Amino acid sequence: MSEYLFTSESVSEGHPDKVADQISDSILDAILAQDPNARVACETLCSTGLIVMSGEITTQANVDYMQVARAAVKRIGYNSSDIGFDYNTCAVLTAFNKQSPDIARGVNRTKEEEMDQGAGDQGLMFGYACDETPQLMPMPIYYAHRLMERQAELRKDGRLPWLRPDAKSQVSVRYLDGKPQRIETVVISTQHHPDISHTDLSEAIIEEVIKPVLPKKMLSGETRYLINPTGRFVVGGPMGDCGLTGRKIIVDSYGGTAHHGGGAFSGKDPSKVDRSAAYAGRYVAKNLVAAGIASRCEVQMAYAIGVARPVSLMVDTFGTGKIPDDKIVKLIERHFDLRPRGIIHGLDLLRPIYEKTAAYGHFGRDEPEFSWESTDKAAQLREEAGIEPAETEPLSLQA
């Protein structure tokens, strides 16, 4: 038997790196709403009283970048310098250029040629799914995200009025032979009003944030709760740390359970395969697991700039596949168009849907906009692979 602990973390929408991600994706959404074929690469830095946006944008859209950025910060809840940032008074600087013509010539195509649109860059991307949860996500990252969503909910609806936007979570799960057995440690660090005592804060976080989210059957008397372990977290947000787009790529994906190709998602239009191919990889892996072809599945794709078809495609089912991995590759090639334009069309990615992805994970969420979470190909894949419908359901997340 193999026994081990595995840990994943998440951060709140008010974490400075996530503030930057949300600003970048709010700019992307504002542009796509007017110009779906725009080319956008928006990078954001946020620090004390300052937002800086730069990158490459080629578009016919007319967007007030400063106003869009301020609105994103307002939605997060940074409305006073007392809590680390003020959307109304912060300075906002922009320095955008157009996309390089050397890149554009490999991506732009006529209407007749559009399905052969080349990848916007070289790179490797991974998709992953497993049957640990109904959402077919690894358990540690799934719960870490849900804890941060709960923190934001209680902050925004006023039930815990002393909460502030910046927060982090960490969940450690004990596994036996690859199956989650129990949650051993939960860490939450949350920014707070200076007048709340550590004792009151800890009790409220455990009772109001953690216990309503985590299933009772995964907790025990030995589960450790580490709440604000330093004892104080008043200075936070961009005042506490400089935030940058693309610095939370493991939080954004699978919490370290799966490989990562290194490319960030936020601020990039879907011609950038860092984003669109990672979404496609999740779509492929999730459908394979939903079909019962494997209980764990990781897909790797690689692209060359200006070339439409992936230069490589690899599947690893970690010994859980009902058919050989090389046959699964053939299934993928028959049922999924992994050219950039095929991905964009198949997943309907030219919509202004991206700000919502920029906090609480890009995967494993039941949001109608997240087309890559659909399992619409599972039945067909199952039939072609000759697999009987699964007799067991993934582990329940009901508390």
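Glycine too: its Cβ is placed from the backbone N, Cα and C atoms.
The ATP binding site annotation in Swiss-Prot covers His15, Asp166, Ala167, Lys168, Arg232, Phe233, Asp241, Arg247, Lys248, Ala264, Lys268. Shown in sequence order, Leu28, Val40, Ala41, Cys42, Asp274, Arg275 are the residues of the chain, 6+ apart in sequence, with a C-beta less than 8 angstroms from the C-beta of Lys268 (ATP binding site).
Look at Swiss-Prot and you will find Asp17 tagged as Mg(2+) binding site. In the three-state DSSP scheme, Asp17 (Mg(2+) binding site) is classed as helix.
Feature annotation from Swiss-Prot assigns K(+) binding site to Glu43. Neighbour count (other Cβ atoms within 10 Å of the Cβ, all protein chains): 22 for Glu43 (K(+) binding site).
Summarising the annotation, Swiss-Prot assigns L-methionine binding site to Glu56, Gln99, Asp241, Lys272 and lists sequence analysis as the type of evidence. Annotation note: Lys272 (L-methionine binding site) sits in a coil segment as assigned by DSSP.
Per Swiss-Prot, the feature region 'Flexible loop' maps to 99-109.
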Stretch-averaged pLDDT - the region 'Flexible loop' (99-109): 67
Distance from Asp17 (Mg(2+) binding site) back to Arg232 (ATP binding site), taken between C-alpha atoms, in Å: 21
Closest of His15, Asp17, Glu43 to Gln99 (L-methionine binding site), Cα positions, binding-site residues only: Glu43
His15, Asp17, Glu56, Ala167, Lys248 filtered to the binding-site residues whose C-alpha is within 10 Å of Glu43 (K(+) binding site): Glu56
Cα separation, Asp17 (Mg(2+) binding site) to Ala167 (ATP binding site) (Å, whole number): 11
Lys248 (ATP binding site) versus Asp17 (Mg(2+) binding site) - Cα distance in angstrom: 7
